[in-house]
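Everything on this sheet refers to the single structure shown next.
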């Protein structure tokens with residue numbers, strides 16, 4: 001006999017209770033703020049509130065696109081996120097596979113802990129670390145250059161160095177988190193496949209490329225799709241803390257989030273900030289739909305929906 005809704009709830013009540021905190025979190029911080037989407041189409045003022053403020057059509061979007069910065073910040077956001085996704089994917093999978101092949105139990109746990117630690121360090125602390133490396137007067141790199149008889153480099157006035165710097169810190173901070181997830185997926189692979197490969201005389205590289213990597217593909221694709229969902233969102237904490245209000249670096253480091261923040265602070269234009277956020281969300285949705293469609297064409301089992 002088919003169970004009723006309440007019978008299913010009663011049967012899975014423990015699991016549903018475990019799911020409840022996450023559900024409440026998503027409802028409060030993801031779905032409830034969607035009511036603010038209308039701010040993108042309103043000339044918001046604090047006296048009238050969200051619903052009392054007059055409608056202004058697409059004027060808030062016009063402000064963003066007529067600023068002359070829309071293309072630049074969108075390009076920077078997209079390029080940085082593509083590089084972050086690609087480099088983190090390769091590094092995380094590579095390190096996870098390397099750790100899985102290690103036989104030293106304690107060394108493996110130590111390496112995981114060391115790599116995972118930066119994930120818990122705030123970007124404020126990371127910015128201090130970066131400043132102590134790259135400061136013109138007090139930075140460790142410039143002191144080393146001076147000791148070697150070389151001229152100092154003013155990193156905070158040199159635009160081209162900041163793309164590799166930002167990529168390095170993003171990878172350093174996130175490599176441990178992704179590695180742990182991929183390592184957990186590797187631990188779930190049936191060990192009998194490795195035993196059969198050993199019997200057949202497979203070497204380490206054959207095991208990696210013919211067993212480990214194919215078994216990781218579902219995890220890789222799911223995490224890739226989730227990453228693509230935020231491809232038009234800049235990591236505000238990272239860019240703002242490392243670069244700050246240094247206008248000399250904006251050409252290569254300014255992303256949508258930092259541009260919107262500065263515009264909101266200088267103009268107090270909530271409507272424009274909401275329009276920028278909606279612009280990001282729409283393009284993120286389009287990106288994940290296209291990526292998911294491509295994945296579904298390749299293998300329907302790997303797609304999100």
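Just so you know, glycine gets a Cβ as well, placed from its N, Cα and C.
Unlike curated records, TrEMBL annotations are generated automatically.
TrEMBL lists 12-32 (among others) with the feature transmembrane segment.
Among the features that TrEMBL reports, domain 'ABC transmembrane type-1' is placed at 74-291.
As annotated by TrEMBL, transmembrane segment applies to 78-102 (among others).
Look at TrEMBL and you will find 114-135 (among others) tagged as transmembrane segment. Residues 95, 141-142, 155-156, 165, 169, 172-177, 179-180, 237-238, 240-242, 244 of the same chain lie 6+ residues outside the transmembrane segment (114-135) yet bring a C-beta within less than 8 angstroms of a C-beta in it.
Counting residues 6+ beyond its ends, the transmembrane segment (208-232) has Cβ neighbours under 8 Å at 74, 77-78, 81-82, 85, 88-89, 93, 96-97, 100-101, 178, 181-182, 185-186, 189, 193-194, 197, 202, 256, 280, 283-284, 287-288, 291-292, 295, 301-304 in the same chain. The transmembrane segment feature in TrEMBL is assigned to 208-232 (among others).
Summarising the annotation, TrEMBL assigns transmembrane segment to 277-295 (among others). Same-chain neighbours of the transmembrane segment (277-295): 37, 40, 61, 64, 221, 224-225, 228-233, 256, 260, 302-305, counting only residues six or more beyond its ends whose CB sits under 8 Å from a CB of the stretch.
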